[in-house]
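Right, one structure below, let's go through it.
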């Protein structure tokens, strides 16, 4: 049996912290306003994984009202969510992540992002795709106010 999940997340810029995308620190003058480290890509991916096995979403598993997740490393959240996916008897066939941002440019970091996700999901980097696009200066991402991300996860029965 195969299962598919979709995730979406968005965070605004504005906090003095590192900008984390797909578990990689991307040089930029500001970070995200968020309860955790704000990694929109890993949050969207976590939602996709959880959704594929009907385990809800990142907010259910790691509520932002719980102080233990304050400034949490999103890689740890992804790893825990994937542990729960595996406990349901599924593993990653492939994942696809789309980062929607006017800036900063993601291309120099894509290979590292793919490998980081592959490491966290215990799969080959060829099972992970990360790409970035802009909104041609339209909307909040186009104005440089934040970043959005979508992710899809295809899971197969172990």
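Numbers run from 1 along the shown chain.
Every residue gets a Cβ built from N, Cα and C, even glycine.
Feature annotations, reproduced from Swiss-Prot:
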- 9-11, 35-36, 57-59, 62-66, 133-136, 140, 143: 4-CDP-2-C-methyl-D-erythritol 2-phosphate binding site (BINDING)
- 9, 11, 43: divalent metal cation binding site (BINDING)
- 35: site 'Transition state stabilizer' (SITE)
- 134: site 'Transition state stabilizer' (SITE)
Could you say which of the binding-site residues 9, 66 has its Cβ with the most other Cβ atoms inside 10 Å?
9
Cβ neighbour count (within 10 Å, all chains shown) around residue 58 (4-CDP-2-C-methyl-D-erythritol 2-phosphate binding site)
26
I'm trying to understand the geometry here, so how far is the Cα atom of residue 11 (divalent metal cation binding site) from the Cα atom of residue 35 (4-CDP-2-C-methyl-D-erythritol 2-phosphate binding site), in Å to the nearest whole number?
10
What is the one among the binding-site residues 35, 43, 143 whose Cβ has the most other Cβ atoms less than or equal to 10 Å away?
43
Once the DSSP letters are reduced so that anything not helix or strand counts as coil, what is residue 63 (4-CDP-2-C-methyl-D-erythritol 2-phosphate binding site)?
coil
Hey, for the divalent metal cation site built from 9, 11, 43, who else sits with CB inside 8 A of the CB center?
10, 32, 34, 38, 39, 40, 41, 42, 44, 149
Where does residue 134 (site 'Transition state stabilizer') sit in DSSP terms: helix, strand, or coil?
coil
Please report how many Å separate the Cα atom of residue 63 (4-CDP-2-C-methyl-D-erythritol 2-phosphate binding site) from that of residue 134 (site 'Transition state stabilizer'), as a whole number.
30
